[in-house]
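Annotated in TrEMBL:
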REGION    1-23  region 'Disordered'
BINDING   Asp54, Arg59, Thr110, Thr146, Glu179, Lys290, Arg354  NAD(+) binding site
BINDING   Phe176, Leu177, Arg178, Glu179, Lys231, Phe276, Leu277, Glu278, Pro279, Gly280, Gly284, Lys347  substrate binding site
ACT_SITE  Cys287  active site, nucleophile
DOMAIN    340-441  domain 'UDP-glucose/GDP-mannose dehydrogenase C-terminal'
Amino acid sequence: MNRRAPETEADPTSPDPSKNSLPAPGITMIGAGYVGLVTGTCLAKLGFDVLCLDTNANRVAALKAGRSPIYEPGLEALMERQVAEGRLRFDTFEPKGVAHADFVFLAVGTPSLPGSDQADLSQIFEATRMVAPQLRAGACLVVKSTVPAGTNSTIRAIVAERRPGLAFSVVSNPEFLREGRAVADFLRPDRIVVGCHDDAGRAGMERIYRSFVDQDVPVLFTSPENAELIKYAANAFLAMKVAFANEVSDLCEAAGGDVRDVVRGIGLDARIGPRFLEPGPGFGGSCFPKDTRAFVDIGRRLGRPQRLVEAVVAINEDRKESLSSRVADALGSCAGKTIAVLGVAFKPDTDDLREAPALRLIPALVEAGAEVRFYDPQVAAAGVAELEGALQASTLAAALEGADAAVLLTEWAEFRMLDLVSARRSMRGATFVDFRNLYARDTMGKAGFLYHPIGSAPLRDLPLLPEGIAASRRVSRAVRDGRVAMG
């Protein structure tokens, strides 16, 4: 399994570290997961001295050995350069690691509480309690984790209780990084949001992001509560676009339309735009599912129900639950069939399985009596309970060999280049269910597939329009009455 992402080319538009004319302040990053590792590495590229701390000793050992524990295009190569140039270091978490830092970034997980929609803030509050005794005077705590409105104030209260009289700032600076494009998103952001209570916090963040300001990147300084809400509201809105596209997709199937053209026509409206207006198997990952649920929970607890986002959550759950029945409808029955699932990561260019549609589909197919083989170019699925009943193929060809059906879940570039004719010849059956609409209908037909895209009729089962249905019934009656001969 090749886990190293290709090195990205030098980006002439990325910030120039020389623009930070003052001595680079020291930064300690608490958490070296997706957000912390990308943020820390990119801050080092900007010229800052960064120490990333994490409680996971195995992760830290991998980082010290020059290996990124996550797959993210361009990250490992960039990380290696910053380490070699002495600007980026890794270590296991110790509170004293913040003692000399001007900025302490909090980038720890805020998952949903078990059995609840509420965000679990235990990690961020515990991290705050542990670093508070070591904070230097004038230090700035920067909250990168996604947290509900009011969390910034709680963090300030925790520090003030443990360090009465200490001058410090707490800033809310939500991340807007997309997995698979996180490095590029950090170095070429479309906006930066900073929520702060005081001038010292604002001045500190202006220093951090000075090179972006020089490139005219919009920087919004606002209150911490606004910054916290912006992150949740932005993710909820993007999730809504995905859910809306899936609803339109279902309507297209019933009405004889093609969702590809319909969403293209919608997206051409400049007020709407095409991004995220894409039907599929439902959204997954570390952000949209938990953040939409948390947004609903926040509204519920504040007495302001978020009915639209509640519907988005329900639509997405229904979408994931419907995947296995769609495959069964295409095959007639899954029992005794060999099904190749192409892609299990929740999106391409990442190895993240969190809340991926595959974790719903594959167990359901196995339960229905299918033999499931899956292939993903980056996911190492050993130990993933939801996938234990399936076989992980080492290559795409091995997954397809002798399969009765193929089901595409993740639109990896490798799948775009699939030799469809050869794939069809290697398979026992001709059924191909495409939950990403990756292929052209005529191309799939010429390759010999019974193609089942989403948002339109299967290739050989096009519905008739109402006028066509009426005409078909008239012909059927004529044949039955002996007025027309068939053959």
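Every residue gets a Cβ built from N, Cα and C, even glycine.
Largest Cα to Cα distance within the recorded NAD(+) binders Asp54, Arg59, Thr110, Thr146, Glu179, Lys290, Arg354: about 24 Å as a whole number. Taking the Cβ of Arg354 (NAD(+) binding site) as centre and 10 Å as the limit, one finds 17 other Cβ atoms among all the protein chains shown. Counting residue by residue with DSSP, the domain 'UDP-glucose/GDP-mannose dehydrogenase C-terminal' (340-441) contains 30 helix, 18 strand, 54 coil. Between the CA atoms of Gly284 (substrate binding site) and Glu179 (NAD(+) binding site) there is a gap of 11 Å, rounded to the nearest whole number. Binding of substrate is attributed in the record to Phe176, Leu177, Arg178, Glu179, Lys231, Phe276, Leu277, Glu278, Pro279, Gly280, Gly284, Lys347, and the widest Cα separation among these residues amounts to 24 Å. In this structure, the CA atom of Arg178 (substrate binding site) is 22 Å away from the CA atom of Asp54 (NAD(+) binding site). Annotation: Cys287 carries the greatest number of neighbouring Cβ atoms among the recorded positions Leu277, Cys287 [cut-off 10 Å, Cβ to Cβ]. When the CA atoms are compared, the binding-site residues lying within 10 A of Lys231 (substrate binding site) are Thr146, out of the candidates Asp54, Thr146, Glu179. Cβ neighbour counts within 10 Å, taken over all protein chains shown, single out Lys231 as the most crowded of the binding-site residues Arg178, Lys231. A separation of roughly 18 Å, to the nearest angstrom, links the Cα atoms of Pro279 (substrate binding site) and the residue listed as 'active site, nucleophile'. Taking Cβ-Cβ distances under 8 Å and a sequence gap of 6 or more within the same chain, the neighbours of Arg59 (NAD(+) binding site) are Ala32, Pro69. DSSP assigns Asp54 (NAD(+) binding site) to a strand in the three-state reduction. In this view, the densest Cβ surroundings among the binding-site residues Phe176, Gly284, Lys290 belong to Gly284, judged by other Cβ atoms lying within 10 Å. As a whole-number mean, the pLDDT of the domain 'UDP-glucose/GDP-mannose dehydrogenase C-terminal' (340-441) in this prediction is 95.
DSSP classifies Arg59 (NAD(+) binding site) as helix under the three-state reduction.
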